[in-house]
């Protein structure tokens, strides 16, 4: 949530900044509601003051034995008027809150202008795409003889699901363990296990609700949703807290399944594991003091990059333009891995700095040692990495002419020493 003061005191400038990301809204309606809120608040305060004054007068009159019936009638009338004004104020505040929850974060000054992914700016590249001496297959063709089964998944659940059997399932698990080990042992993250069902308040807190409900799987008649990312429960670990300065930064890592309806993605990436209803991620979340969040963003991005580098997967880092930012993000780096089967780079991680946008929604603060007063923390998160996409990137980049897949040395200890996955015909 944006600081309401920005909208109250700098409405025109804030509206211009929101326009950078293509967001249009009824600023005039907000201004009208805000004026009414101020009027109702002043009226409420005046009526409360009058009621308090009348209460004292009634007390004195009663002590002196005077007739207080007229004063009581006036007090009742004041009380009724106050209730009416307070009820209207509550309605106006709820309308303003609804508007605020639907406004995205402001793009950072270093976020490039642009409308969509075509305007994203490349920051750097790492690695060289493999020079294969044969026509590379994509992960679907490779996986057909390695235990990647989409047809069975359709029978079990429907489209946009997959089953992995045998060595590919083991490789999938190995990637998860490898990522967790690197992040906990080398990058200083604390591993957490969280629920895979989240309540509405949690999803409002991180910004998925109320705007993106159609993209979520809701559990009917329960108030629960399947989590679209571990960002939701992990960030909400500090909801409603005032953290001591010595606890910061908090660095959490969690492996969870993620569930997304992919509403609005009809016809996109229908082949393979690129866009699934259910997929696994290892998620990085940081809760930090405001003055270090910019550096924390660079560090977190580097932590995700380290996994790709250890696996020897070529990638590039993209600074997302304002029009391509996620709802809650102020600045985002996308890591895009090279896929020989598609002859292009595809997103494998998004690393974002939300500043105090999520913190305001979840009421997460820290006690600033300089002022000894509570202040908003900054929140950041990124995938470290998306496991399914890492799996298919390994398959495509390490494929051999016979359809076998070489296992990077760094993963071989997690695979019981296996160095090559050999294709086999399933009967």
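Backbone N, Cα and C atoms are what each Cβ position is placed from, and that goes for glycine too.
Site annotation (Swiss-Prot): L-serine is bound by 229, 230, 231, 283, and the candidate from 110, 145, 157, 383 recorded at this site is 383. Reported as a whole number, the C-alpha separation between residue 261 (ATP binding site) and residue 283 (L-serine binding site) equals 19 Å. Excluding 229, 230, 231, 283, 383 themselves, the residues of that chain whose CB lies within 8 A of the CB mean position for the L-serine site are, in sequence, 232, 234, 254, 256, 258, 281, 284, 285, 381, 382. Looking only at the binding-site residues 260, 262, 347, 348, 349, the one with its C-alpha closest to residue 283 (L-serine binding site) is 349. Put simply, of the binding-site residues 229, 230, 231, 383, the one whose Cα is nearest the Cα of residue 262 (ATP binding site) is 229.
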